Every structure is written in C-alpha cells, then in structure tokens.
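Asker: Structure in structure tokens, see below.
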C-alpha cells in the first residue's frame, strides 16, 4: 500500500473512533462510525484476495445495517423526547434498538456470525485491528448508555456470547478463528459487568487489547495461521514458543497470569450485586475458553514434531518493527496480577 494512502487511512480510522468517543451528539457519533467503517475497508482488502474481498463485503453489510438501526433508534428517541444528546436516550424502544445495533458492531451473540468469517478472510494485522481497535467506539457508547440499558437484554447477550465464544473455538484449527471466538467470549465478559460497573468494562477492554495485540504480533512474527504451523515454532525459536504459551494461557484466564485479573474482579462485582447464579455460570463457561487455549499451548510447546532443521536454534527474535513493542506488551499481558488490589481500588 502506498505510504501516503496508508497514512490517510490510518488517520481516518483513529479520527473516526475519536469522534465517536468524544461526541455528545448523535449525528457526530454516526459520522464517526461511518468514517471508521469506510476507512477500515481498504485495510481488510489489503491482500487483493477473493477471501479478503468477501470478508470486507460482509463487514460492510453488517456495519451498514448496524448504522441504519442506530439512526432508527436515534430518530425514535428524537420523536419521543426531542433530544439529540447521547446521554438523553430514554425511550425504551429506542434503547433496545440501539443496544442491538451496538451488539452487531461488537459481534455479540446472537449477532456474532460475521466475526469468525471476516477475521479468517483478512491478514493477521487487519485481524488485529478488527478485534481490538474496532471495539473501542461501540463499547464507549454502550458505557455511556449503561444506566438506561435493559439489564435482561444485555445480560442475555453476554451469557450467549460467553457460551458461543467457548463452544465455537473448541473444534477450530485456524488461529484467526480461534482469536475471533475468544473476542466474542471476552465481549460477553465485558458486557456482563457493564450495567453494574462500566469502569471495570473499560479495564477489561484495555487488558484484552494488550493480550490480543501480544498474541497477534507473535503470530505475525512466526507467520503462523494454523495450529500446524504454530507447532513448528518450538523447533525454530523456543523463546517465542514459551511466550506464546504464557500469553495464550493469560487470554484463557489462568492464574497467576494477567488474564485472571479482570475475570476475578468481574466475578467479585457480580457476587456483590447478588448475581451468584450468573457469576457461577460464567466461571464455568470460562473453562471452555481455557480448554482450547490449553490445547493450543500443548501443540505449541509440549510436543516436538520431527524436523530436518539443520540450523542452530534461534533464541533471539527477528529484528522487526513488531518486535520492538513486544517487551512492554508481554509484561502487561502476563505479569500484572499482583496489582489487582490497586486496580480494585482505582476501578
């Protein structure tokens, strides 16, 4: 891609998300969503492959439908209250339609079907942007609307998302699909606590972005897209194999790694709000995610395939642009569980 074009597209993606997050008027929120959507399409079609074109088309159709529902909800609220302010959405029907529209944009169940297909059809870097940065804008609007959202609707979607994210990833061998189902599950955890503690949703999102970014950067460095290609990592670079193991277990929420912290804090808040059954159910559903991540780490680090590699084992990383950002990301993704009491006090 031309450097000037790439700079313009990246700037538009960042600007669109920033407009959505900082806006207090529904019209500018809609403009920000549209800027972001139109700018991400060339990023998804970067490889000029039929699968990338198909993925970009699916993404466009889903996001356009969600934007249409968003404007429908805004119009209904405008007719009933005469307000354009984001914080003044009080009409129950408008709130329900808005919640469904934002759920489509986030990929929450039962609107999750596009997430694995689109992620599988795009390059790893595009998949990283799709599963991390693209979650910021819709989730920020959900946090703003959280005091008025119907608890039954949002909790139903969060429970379904955790279940679908766990069950869907069990029989997958494509790493991008596994990361997509992991994203669906994490979105379920974030929305489960949304109506009780929106700031904890933001903390969960930030940690999820850190862990997912670390995993994707490692996959980009090793050029791994399937479990078979990932299984050769130990023969080439054992250090990367060990880091992938710990990062994936952290994504699964295994203590004493970072990924256990948001789950711990969310379950604690749910039990404080007397949602014992919901917290127990979500803790059990989280085992599904942990299972397929454990299976991945077994394939990656606990088995060694026959190899004819006659070169010396490469303990060092390749000198790449992505490797420079790995050190802080790895530390954040795996080692900040001891900060949980501080995080609980702050969030």
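Just so it is clear, glycine is given a Cβ too, placed from its N, Cα and C backbone atoms.
Feature list, courtesy of Swiss-Prot:
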| type | residues | note |
| --- | --- | --- |
| TRANSMEM | 13-33 | transmembrane segment |
| TRANSMEM | 59-79 | transmembrane segment |
| TRANSMEM | 84-104 | transmembrane segment |
| TRANSMEM | 111-131 | transmembrane segment |
| TRANSMEM | 149-169 | transmembrane segment |
| TRANSMEM | 178-198 | transmembrane segment |
| TRANSMEM | 201-221 | transmembrane segment |
| TRANSMEM | 240-260 | transmembrane segment |
| TRANSMEM | 276-296 | transmembrane segment |
| TRANSMEM | 326-346 | transmembrane segment |
Asker: Hey, does the transmembrane segment (276-296) touch the transmembrane segment (201-221), meaning at least 3 C-beta pairs closer than 8 angstroms, sequence gap 6 or more?
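Answerer: Between the transmembrane segment (276-296) and the transmembrane segment (201-221), which are separate recorded stretches, there is no contact, as judged by 3 or more close Cβ pairs.
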Asker: With pairs restricted to those 6 or more apart in sequence, evaluate whether the transmembrane segment (276-296) and the transmembrane segment (84-104) have 3+ C-beta pairs under 8 Å.
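Answerer: When sequence-distant Cβ pairs are counted, the transmembrane segment (84-104) does not touch the transmembrane segment (276-296), since fewer than 3 lie under 8 Å.
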Asker: Check the transmembrane segment (149-169) against the transmembrane segment (84-104) for contact, please; criterion is three or more CB pairs under 8 Å, pairs 6 or more apart in sequence.
Answerer: yes
